[in-house]
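*Asks:* Positions annotated as domain 'Radical SAM core' by Swiss-Prot: 111-334. Swiss-Prot lists C129, C133, C136 with the feature [4Fe-4S] cluster binding site.
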Amino acid sequence: MKLGRYLAVSKDLAPAKFIIAKCIEVEEFKGLELNELWEIHNKVLKKVDFDNFDFNDLEYVKPNLLDLKVEIAKNIFKNCHFCEHRCYVNRETERGFCRIKESYYSTEFLHLGEERVLVPSHTIFFCGCNFKCVFCQNWDISQVYFDKTIPNHCIPYNPKEMAKIIKHKRDYSKNVNFVGGDPTPHLLSILKTLSYLDKNIPVVWNSNMYLTVEGMHLLKGVVDVYLTDFKFGNNECGERLSKVKNYFDIIKRNHLLIKDEEVIIRHLVMPNHLDCCTEKIFDFISKNLDNAVVNVMFQYRPEYKAKEYPDINRRLTYEEIEKALELAEKYNLDLIYD
């Protein structure tokens with residue numbers, strides 16, 4: 001059954017992957033170079049089958065795989081390449097494309113507006129983003145570091161305190177859902193949070209998926225469900241409307257890296273973009289991602305700077321909605337709904 005493991009973790013019938021990662025011992029890595037850390041990481045990860053663990057197998061050890069991931073993320077943070085902007089700045093003192101140094105968040109709450117299988121979802125909204133989408137509907141938090149006209153009400157993020165909040169709300173939530181903006185620039189903070197968290201809960205990575213391969217490797221063995229936002233079916237639309245290069249190539253690659261994981265793909269249908277984007281995305285999913293379920297979303301409205309772009313300066317027509325549904329049927333997608 002698709003999403004079967006997630007459902008088991010959500011009901012406390014199976015351990016979350018980050019819990020398992022804390023039970024996988026690694027050799028002492030203090031003082032090692034980044035390439036040496038990766039060598040240990042990849043060697044250990046190849047041997048682990050996360051589906052073969054139950055609660056009887058669990059015993060926390062030190063140092064463990066999650067500790068190692070945190071250490072690798074600390075190294076990357078100082079020469080940042082979590083995402084494909086690959087700024088290579090030391091974020092302790094410098095700002096890259098996303099303008100984010102330490103992590104801030106806007107809010108956290110039990111979200112009832114996600115997909116039915118996810119709610120109630122304990123959703124943590126990080127401030128900032130590695131995209132500059134001209135149509136962003138969460139622009140007040142995603143674009144706060146880019147646009148000085150947006151009031152900044154972001155809250156300093158403390159991983160240890162957030163772990164306590166997640167634990168407290170677990171009785172009422174099916175999962176913890178890291179989103180933004182985008183969570184990618186906050187990957188170090190998220191891994192630290194999970195290292196403090198001792199409550200079994202599925203981890204949802206809710207992202208635009210513009211990560212580097214290195215960023216993707218850090219997520220492997222930690223994330224239970226990838227909730228991905230697949231926006232464009234070509235590189236040109238990605239660069240024009242989200243200001244990122246090689247969009248389609250990178251997002252395809254990253255989805256192929258998680259083709260054996262549990263994945264929910266969201267696609268926001270946009271006016272005038274069914275041929276260039278929607279159909280191309282559906283075709284790719286149909287040919288490559290058997291495990292994925294898809295949420296075709298029709299709630300597009302021209303937000304933020306969309307009025308400056310004539311092709312997306314309106315809502316969808318009935319005909320466009322109907323065509324998108326016909327395409328989903330044509331490509332035999334496994335649909336999921338809000």
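Yeah, the Cβs are placed from backbone N, Cα and C, and that goes for glycine too.
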*Asks:* Highest CB neighbour count within 10 A among the binding-site residues C133, C136?
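*Replies:* Going through C133, C136 one by one, the largest Cβ count within 10 Å is at C133.
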*Asks:* Which ones in the same chain are close to C129 ([4Fe-4S] cluster binding site), with CB under 8 Å and 6+ residues apart in sequence?
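*Replies:* C129 ([4Fe-4S] cluster binding site) has long-range Cβ partners C98, C136, S142, Q143, G180, G181, D182, P185, N208.
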*Asks:* Hey, for the [4Fe-4S] cluster site built from C129, C133, C136, who else sits with CB inside 8 A of the CB center?
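*Replies:* Surrounding the site, in chain order, are F131, K132, F135, N138, W139, S142, Q143, G181, D182, S242, Y304.
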*Asks:* In this predicted model, what is the average pLDDT of the domain 'Radical SAM core' (111-334)?
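*Replies:* Within the domain 'Radical SAM core' (111-334), the model's average pLDDT equals 98.
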